[in-house]
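Data block below; observations after.
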Amino acid sequence: MKLKQRVVLLAILLVIFIFTKVFLIDNLDTSAANREDQRAFHRMMTGLRVELVPKLDHTLQSPWEIAAQWVVPREVYPEETPELGAIMHAMATKKIIKADVGYKGTQLKALLILEGGQKVVFKPKRYSRDYVVEGEPYAGYDRHNAEVAAFHLDRILGFRRAPLVVGRYVNLRTEVKPVATEQLLSTFLTVGNNTCFYGKCYYCRETEPACADGDMMEGSVTLWLPDVWPLQKHRHPWGRTYREGKLARWEYDESYCDAVKKTSPYDSGPRLLDIIDTAVFDYLIGNADRHHYESFQDDEGASMLILLDNAKSFGNPSLDERSILAPLYQCCIIRVSTWNRLNYLKNGVLKSALKSAMAHDPISPVLSDPHLDTVDQRLLNVLATIKQCTDQFGTDTVLVEDRMPLSHL
C-alpha cells in the first residue's frame, strides 16, 4: 500500500474513532449500555398503556392481595404487571366503605377505605389543567393530577418506587358523606351549589375548601402500602430551609456532597444513588418540595427511597428550578441504568410515552400540553448536566454500574 493511501486510511480510521467516541458518550457509552437495559426499556414500552379492566386472571386473589405481594425492599411493583389494569380499575371504582380525615401532613387529603379493606389516599382537584402556579417552586395546593403523572413517570423511568395512583371521580353526597367519620363530616360545607370540604391538616382552612362540581369531585387515589412494610421518615440531605434569607448548606457549599458521603446511610449502599435518581425524577416533574423522604423501617440503608407525595409537581411549565438537580451536579454520579433509560427517552420519546401511559386514566387528559413539552426539555437539561460531569471527571467515575459495590463512592 502506498504511503498516501496509508495516510488516507489512517485519517479515515481516526475520524471514525473520534466520531464513535463522541457518538457513544452522547448516545450511550458502550460501557454504560447493556443489552438487559435495552430489553427492559422495550418491555416497558410494550406494556406502557394500561387499560383499566375489571377482570383478574387470579380469581382466588383480590386486587389488593396481588398489589401487596408485589412490594419488596427495592420496588413497589414488578417490572411486568399484567394485573395492573385490574388493580387500578378497582382503585377507581370499588365502593367506599369508610372515609376519614387524611393522615398527618400539611395538605388537604382524605383517607378512604375501599371494599375489601384497602386504604387509599384521596387528593381532591384544586386547579384546572391549564392553571399556572406562580411564586416559589413549592407554592400552591397539592395537584391531584401530578400524583397520577408522577406514578406513570416512575414506571417509564424504570424506578418502580412510587405507590400506585389513579384518577377517580367520587360523589361526595352519595359515596363519601354517608360513610364519613364525624371528624371529616364536620368539615363539609356548601358553596353555591357545590359540595365542599376542607379536612384536617396543617394548612387546612374553612375559608379554603376543595369544592366538587355539584356533588361530583375529581381527584386521585394512591394505594396505601401494606402494613407489613412500615415506613421510616428521613430528612432529605438536600432539603430546603423554607425560611426567607436562610440558605441550606448545600445551597452555598459546592463540596457539600463530600460531607454527605461520610454520613450514614449515604456512605455505603444504594441510598445516595437513590437520592440522585430522585433528583432527576423531581426535576422532570418540577417538584422542589421533597424536604423529607421515606424508606422501609430497619433497612440499614438497603431499601429504596420511596417516591411518596409527588403532588407539588407540574405547577408551572415555564419554571425550571435547576437547584432540584443539586445532588446530581454536586456529586456527579448516576446509575448506569438511569443514564441508559434517560438516553432512550430523548428525542420526544418521553413526552409520547407519558401521554400514552396516562391515556386511559379516568381523569384523562392528565396533563396539559405545555407540561408534556416541558418534561421533554427538562430531560435534555438533565442529560446536559450529566455530560458536564463526564467532561470534568470522566464516564468511568460518573456512571456507576448498578451491581458495583457502592462503598467506593
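Numbers here mean position along the shown chain, with the first residue as 1.
The backbone N, Cα and C atoms fix where each Cβ goes, glycine too.
Here is what Swiss-Prot says about this protein:
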type     : residues                                                       : note
ACT_SITE : Asp289                                                         : active site
BINDING  : Gln107, Lys123, Thr222, Leu223, Trp224, Leu225, Glu294, Asp309 : ATP binding site
DISULFID : Cys196-Cys211                                                  : disulfide bond
DISULFID : Cys201-Cys204                                                  : disulfide bond
DISULFID : Cys257-Cys331                                                  : disulfide bond
DISULFID : Cys332-Cys389                                                  : disulfide bond
TOPO_DOM : 1-6                                                            : topological domain 'Cytoplasmic'
TOPO_DOM : 26-409                                                         : topological domain 'Lumenal'
TRANSMEM : 7-25                                                           : transmembrane segment
Which of Asp289, Glu294, Asp309, the listed recorded positions, has fewest other Cβ atoms within 10 Å:
Glu294
Assigned conformation of Thr222 (ATP binding site) - DSSP reduced to three states:
strand
Rounded distance in angstrom between the Cα atoms of Gln107 (ATP binding site) and Cys332 (disulfide bond):
34
So what pLDDT does the topological domain 'Cytoplasmic' (1-6) average out to?
50
Who sits close to Cys196 (disulfide bond): which same-chain residues at least 6 apart have their Cβ under 8 Å from its Cβ?
Phe188, Leu189, Thr190, Pro209, Ala210, Cys211, Ala212
Taking every protein chain in this structure into account, which of the binding-site residues Gln107, Thr222 has the most other Cβ atoms within 10 Å of its Cβ?
Thr222
For Cys332 (disulfide bond), which of the listed recorded positions (Cys201, Cys204, Trp224, Leu225, Cys257, Asp289) have their CA atom within 10 A of its CA?
Cys257
Round to the nearest Å and give the CA-to-CA distance linking Glu294 (ATP binding site) with Cys331 (disulfide bond).
21
When the Cα-Cα distance from Cys257 (disulfide bond) is computed for each of the recorded positions Leu223, Trp224, Asp289, Asp309, which gives the smallest value?
Asp289
